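Notes for the one structure printed next.
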Amino acid sequence: MLGKLTLRNVRRSSKDYMIYIVTMAVVASLMFAFNGMMFSRDMKELYREFAIFIAFVAMASFFIIMIVIWLVHYMINFMMEKRSREFGTYLLLGMRKKQIAAIFRRENILLGLISLLVGTIPGMFFQISFTNIFYSIVDVEYHISPDFSPWNLLLTFGLFLFAYILALFRVKRKFKKMTINSLIYLDRQNELVKNEKKTWKKLLVFISVAYIIIFNVLVLNSNMSMGSVWLYIAGLLAAIYLLYIGLSSFFISYIKKQRKGIYKEANIFVLRQLSSKIKTMRFTMGTLTILFTTALLAWMVVMMFADYQNKELARNLPFDVQVFNEDTKFDFKHELSLISEASTIKDQHIYNIYEKDTDHINQYLYDHVEGTWQGEGREGSSYFTYDTYIGISDYNYIRSMLGYSPVEIGSNGYLIHCVERVQPYLEQLARNGSIMDEEQQDKDLIYKGMYTEPLSQKGMNGADYLIVVPDSYMKTMHPYYSLLAVSLEGKAPSDLSERLAAIQPSYDGNGDYHLKMQYGYGSSNIISYSGIVLVRDNSIVEVGLALISMAFVLAYIGIVFLCAALTILAVQQLSDSSKYKFRYSILKQLGLSRRETNRVVLKQLGVYYMCPFVISIVLSMFIGLFASERFVYYTGIQAGIFQYYLLAVLVFAVIYLVYFIVTYVGFLRNIYDS
Amino acid sequence: MSGLIRVCDVEKYYGTQSNITKALNRVSFEINSGEFIGIMGASGSGKTTLLNMLSTIDTVTSGHIYFEHQDITTLNEEKLALFRKANLGFVFQDFNLLDTLTIEENIMLAMTLQGKRKQEIHAKCKQTMEQLGIAQIKDKFPYEVSGGQKQRCACARALVNEPKLILADEPTGALDSKSATALLDTFTAMNEKLGATILMVTHDSFSASYCRRILFLKDGEIFHELVRGNGTRREFLNEILDVLSLTGGDVADAR
């Protein structure tokens, strides 16, 4: 009998809380898709650094589980409140609290299972289409194959069950504390409407808005010190909550001041509805606004980095293939034959970087450039042990390989080729005449200028800089290390980088190189791309895959979170619409037509939904503008983030709209349902 | 007095084909402008159904209802809403006040929906609240005032737009006897001084005795009609009780 009761209840709940079931099904399908990709052979074949992807998904799964627990927990409390009368009746009939708790728990697990099952098929579809997107990044055609692992089913099922069990953890205790009386009257508690005596509360709206504006102005003018920034952010969080606390009083004061707006149609009703709803939901709405803002910002910041890295990549890897070797007489024979096996070599150059036992330039940079670091022993540093030089003919040759015009320095000139970041410091040194060492005989070389075109200066052609000197001067210097630069016809094969790395004497087979000398990585702190074997096409694919996985995983977390939050907003409104149905039938008696009633509902839901949406967009936009401005300041690279931001906002808006429409339609159905 | 409403052969069936309940069976009567008419009957006699037909909240199965020569059974949803707005006022047993609005706002809303101007709304609201003695509680919420006060608020809301017909469904049903008497006095005043036409549905003979004319419903049909004439209310009450005891009305009423 109890089993039958459970099933009936599940059937009713799945009707009443359709939006919740569907949301959980969407979450389940996304979980299926992502977990499925973790186990997918197709993905493993495609993605060499597959561990990164697995790590991303695992990290995301953690967040997803937290969100699911939160949502299920919220919904369980909500349902318990709504159905308290029913539970009270069970108690009256002589059921034990334990039994009721068990029924309720079973019902919820069943609801979870329904969502999970409903989500499986779209999950498989998502997995195929996501994998397809990954394949298209690499320009490989994807032959759709049923690549579904039983482990995926088991994992997703396990995670879901885990979340539900955690969320249902305290149900029994909650039932234990309840009495028949409290159960029967719990659902009768209406939202308490009061005329606020404290009219000062409405001032909170102005104070919060003023604070938010000041915050944004400070942010945009970069007028915040790093120390105080946390204080400002704490203030911002407080301002968001206070805004919602004040908003309810603000509406009431608007009514009391008898402004013109309240005499139009049913506006007075709408305002009262909103003020009481916002009053009971203020904490939830404040939290949602903060989380929406964070989600949008996180998306934007990550996209900014992604875009930066994409642009940096082209600058960091101007050559098709580059290989470094400590041996100054290394001939790169193996490497060249390997490269020519797989592709056609258009041009190649083997050359040396030189040193002359001096390090005053490096020391000067260590002293003046922010963010430089000196590692212990052979673990690498910002700069090599010695200052780095190159002969003019080698320099002009590699320039020609990159399509740059050749330069002249005559027999007594020198020039500097460096990254933009260190340009002012080296210019200062050159003006002082202290680039060349005073104790050596080369003091007579004349400074001929500075070049900053991309030249692979993160450890290949020097770290940050090279001093270009006449060939005749090379006699006074010692070869420091050897380099191979190659231009290819067409694209490099996808495994070239791996195969080249494998034949390096310093390669340990696990992705690490062990050099005898101290390697210089350059001063850039932001994700740099360096290594002793660089194959541009391979790196671009690799980075592209890393970017797309990051974007996917972020979108995954963001969408699941958004759906969960919107479910809460929607379920609140839908349950209100049946609880307070009488309000709308009174409006009907007062002569409101169906169309007019629809408009009242639209206004009411519109403002309710718009609040967190608009506030989070305004906030994230300003903070985002600041972040991108700082980014340009630190990196000198204009990251094109706005298209990403707009994309995020668009996705945000579409999901929002879907929930809004579903709520609106459901709301109307509930209030007209006789 | 002229005929305001004509109900002609109205029938209402509920249920599916296999299980039909006849709630109203060929009911016909007239209501004149300025009348205070009562409809009595036991539970299930069709009182509320009839009221719902008149208030256009429910539709007739067959028959016609003419309101000032206009057949309101033929109007569509939009026109019905307009009709209700312009012609009807409601008072219900459970007050049907909007719990989120104050007493004053409840009355105001009825006017703002009609698109009246701010000054007019304020003046009329104030006047009506004073007439019904609820001006001092205008800023309170429904849950903060007594049942009698709530019902007077509902009356004020029904009156404020000066509708052609006020429909009252068991208006004293949820009130204690003192409040009920006060309310019925209010109704009488509304009828006599303000000239409001009132149709009151009740199964309470005491309340019914305030009416000028009473229609008795039984099993969906009108079986009797009483007119007060020039007698006192007390005499009229006795007449009502006589009718009820003869026809098996509420036993409590006949004692």
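From the backbone N, Cα and C atoms, a Cβ is placed for every residue, glycine too.
What TrEMBL lists as transmembrane segment is A:17-38 (among others).
Per TrEMBL, transmembrane segment is recorded for A:50-76 (among others). The list of residues near the transmembrane segment (A:50-76) in space but at least 6 beyond its ends in sequence, with Cβ under 8 angstroms from a Cβ of it, reads 17, 20, 23-24, 27, 30-31, 34-35, 37-38, 43-44, 104, 108, 112, 159-160, 162-164, 166-168, 171, 545-546, 549-550, 553, 556-557, 560-561, 564, 567-568, 571.
Per TrEMBL, the feature domain 'ABC3 transporter permease C-terminal' maps to A:59-173.
Per TrEMBL, transmembrane segment is recorded for A:109-130 (among others).
Here TrEMBL flags A:150-169 (among others) as transmembrane segment.
The transmembrane segment annotation in TrEMBL covers A:203-223 (among others).
Taken from TrEMBL, the feature transmembrane segment applies to A:229-255 (among others).
As annotated by TrEMBL, transmembrane segment applies to A:283-306 (among others).
Proximity of distant same-chain residues to the transmembrane segment (A:545-571), defined by a Cβ-Cβ separation under 8 Å and at least 6 residues beyond the stretch ends, is recorded for 17, 19-20, 23, 26-27, 30, 34, 46-47, 49, 52-53, 56-57, 59-60, 63-64, 67-68, 70-71, 74-75, 78, 130, 133-134, 137-138, 284, 288, 291-292, 295, 298-299, 302-303, 306, 309-310, 608-609, 612, 648, 651-652, 655-656, 659, 662-663, 666. For A:545-571 (among others), the entry in TrEMBL reads transmembrane segment.
Here TrEMBL flags A:605-627 (among others) as transmembrane segment. Only residues 6 or more beyond the boundaries of the transmembrane segment (A:605-627), in the same chain, are considered here, and those with a CB under 8 A from a CB of the stretch are 212, 216, 219-220, 222, 236, 240, 243-244, 247, 270, 274, 277-278, 285, 288-290, 292-293, 296-297, 300-301, 304, 569, 573, 641, 645, 649, 652-653, 656, 659-660, 663-664, 667.
For A:642-667 (among others), the entry in TrEMBL reads transmembrane segment.
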### Query
Among A:17-38, A:150-169, A:203-223, A:229-255, A:642-667, which stretch has the most Cβ pairs under 8 Å to the transmembrane segment (A:283-306)?
A:642-667
### Message
If we skip the immediate neighbours and take only residues 6+ beyond the ends of the transmembrane segment (A:642-667), which ones have a Cβ under 8 Å from one of its Cβ atoms?
### Response
18-19, 292, 296, 299-300, 303-304, 306-307, 555, 558-559, 562-563, 566-567, 569-570, 573-574, 577, 601-602, 605-606, 609, 613, 617, 620-621, 624
#### Entry: Interface check, the transmembrane segment (A:150-169) with the transmembrane segment (A:17-38), three or more C-beta pairs under 8 A
yes
### Query
For the domain 'ABC3 transporter permease C-terminal' (A:59-173), what's the model's average pLDDT?
84
### Task
Write out how many residues of the domain 'ABC3 transporter permease C-terminal' (A:59-173) are helix, how many strand and how many coil, based on DSSP.
95 helix, 0 strand, 20 coil
